[in-house]
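Input: a single structure, listed below in structure tokens.
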Amino acid sequence: MAEPRQEFDVMEDHAGTYGLGDRKDQEGYTMLQDQEGDTDAGLKAEEAGIGDTPSLEDEAAGHVTQARMVSKSKDGTGSDDKKAKGADGKTKIATPRGAAPPGQKGQANATRIPAKTPPAPKTPPSSGEPPKSGDRSGYSSPGSPGTPGSRSRTPSLPTPPAREPKKVAVVRTPPKSPSSAKSRLQTAPVPMPDLKNVKSKIGSTENLKHQPGGGKVQIINKKLDLSNVQSKCGSKDNIKHVPGGGSVQIVYKPVDLSKVTSKCGSLGNIHHKPGGGQVEVKSEKLDFKDRVQSKIGSLDNITHVPGGGNKKIETHKLTFRENAKAKTDHGAEIVYKSPVVSGDTSPRHLSNVSSTGSIDMVDSPQLATLADEVSASLAKQGL
């Protein structure tokens, strides 16, 4: 029983290296070959619409039973009848849960039995090339034509209820399709980046080997030589000068005012005495009549007396109205009524028409008043 155990381990270790197209006849894989021979029957079942893609759990359980059947055939206990029974059990487990009529099931079993191939010569389990199997399911896409094992070949009964999740996890079933197997299981190694031609940014590697020399600087304390120092602006020319302010002596001497002379000759009349007390004020009457002369000869006519007071204004009564005569003799008599109320209320004849047609104006009072007014106005004007 140790040999089947060892072969089962080899299958588990090399499950990732199996190819889909490489199917070889090896010892203990007659059940896989039987399944390959039944490809036509499975395709016919798919065309009829009966088969469906199995679930991952069904396929995993089928591979577990397949591994057990292979181990039994190794021991020599397997026969044609047992192989047939194992094939029936595998197809029942690997097929989906869809129901099918019993007639089709019998036809699939009948076609599967004559398609069996004779067992291949046994090979030692320690051979360099691990056994390969193309009948793996669980990860293949349902639409790929090269994966017949992914779809059910014959209708089968529902999967057995007793399943071991631990054994399912142990058996590895990579996908059948070559594209999915290469992309998922065999990931290409990522090439390492070429770091020889990598350049740093902003030329930082140009001074990569530079070592700062700050630590090599020595600070030496030297005394300053001030012998050749020259002062600014010639201040050193009088460096030995000693101020003489300390030797000055302040001597107090009285001021001699005997020879002092006053300004502006004020001392020349210092002995002068004012003689204002001896002045006498005399009052004399001035004779303006004899000595004083008027300006512009105004005194020449000082004795003139205007003669305006001797003038007389004479008034003469004009009688030209009374003496006036009309140019034409119209034969009417002019009656003059005096404004003075008198006893005689009869109208008075102002004029009499002469034979020549002239009017006698001797007795007209209006003309007399007019003459008086004219003479009065002339008297006012001084004529």
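From the backbone N, Cα and C atoms, a Cβ is placed for every residue, glycine too.
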To which of the residue ranges 260-279, 300-319, 340-359 does Swiss-Prot assign the term region 'Disordered'?
-> 340-359
Here are some modified residues: Ser204, Ser227. Which one has the most Cβ atoms within 10 Å of its Cβ?
-> Ser204
Proximal residue to Lys289 (N6-acetyllysine) among recorded positions Ser204, Ser227, Cys233, Lys273 (C-alpha distance) = Lys273
Ser204 (phosphoserine) in three-state DSSP notation | coil
